[in-house]
Amino acid sequence: MQAVLEEVRRSTPLVHCMTNTVVPEVTANVLLAVGAAPAMIDLPEEAEIFATVASALLINVGNGSAEQHEGMRRAAPAAVSAGRPWVLDPVAVGALPVRTTLARDLVAQHPAAIRGNASEILGLAGVSAGGRGVDATDEADSALATARELAATSGAVVAISGPVDLIVSADRVTRVTGGSDLMPLVIGTGCALGATVAACLGAARAAGLDEHDAVVAAHALFAAAGTAAARTTHAPGSFRTAWIDALYELAPAQVAELVDIQES
């Protein structure tokens, strides 16, 4: 994990973000804070090209347009063809039909990671109708078996966000505990996490590091920054600033001291 975070700082991976209209600013600021470089490119003709140039691609299906959806369908296979990892964030999938169809189609395009809350993972797999918009109505452990199956069939590392994050591969489960109750009160934390997963995967793949560890590293860094920020503030507005500052200030070696990581 530490090696991945150090590699992000060293290599400054370029992350191509195709994300929803609510979160580009916080996503870009978070990527800069963790040591990556953001690029927001949605135009289909440009997205297909840029996906082959960037270190990694994030596809977040929340609140997109028809044009953006076309760009996503073109960018994902382009990234795979170029050997670039890409991350699927299935925001509110299962609850809304257009994005659900899109996300399920994109799973066939070999994402390196899929990151969502339990309801989104269950909705993506067709096990449930999803949560209440972006809010989960299911506990992370309730999606564990589904995540294992999704990891096995897609080849992706599947991350389930919650009070305890589960990072699931076909033969490995890692639990990351940490963070703050204020994190769900700040818009874009989950979406920015998806971008940070992409940054860690981009750095890891280029350096030959383990990709499950890369997904763990992103979640551990986010949780550690949440823990650190909550020590200085108790309201969401100031927490957002403190949290981004912590993402910037925490040394990779400090992250493991602020979270609990269990393997199974």
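From the backbone N, Cα and C atoms, a Cβ is placed for every residue, glycine too.
Feature annotation from TrEMBL assigns substrate binding site to Met40, Gly188. Cβ neighbours within 10 Å of Gly188 (substrate binding site), excluding its own Cβ and spanning all shown chains: 19.
The number of other CB atoms found within 10 A of the CB of Arg115 (ATP binding site), across every protein chain shown, is 33. The feature ATP binding site is assigned by TrEMBL to Arg115, Ser161.
When the binding-site residues Met40, Ser161 are compared by the number of other C-beta atoms lying within 10 angstroms of their own C-beta, Met40 comes out lowest.
Met40 (substrate binding site) falls within a strand segment according to DSSP. In three-state terms derived from DSSP, Ser161 (ATP binding site) belongs to an extended strand segment. Between the alpha carbons (Cα) of Ser161 (ATP binding site) and Gly188 (substrate binding site) lies a span of roughly 13 Å. Annotated pair Met40 (substrate binding site) and Arg115 (ATP binding site), C-alpha to C-alpha distance, rounded: 19 Å.
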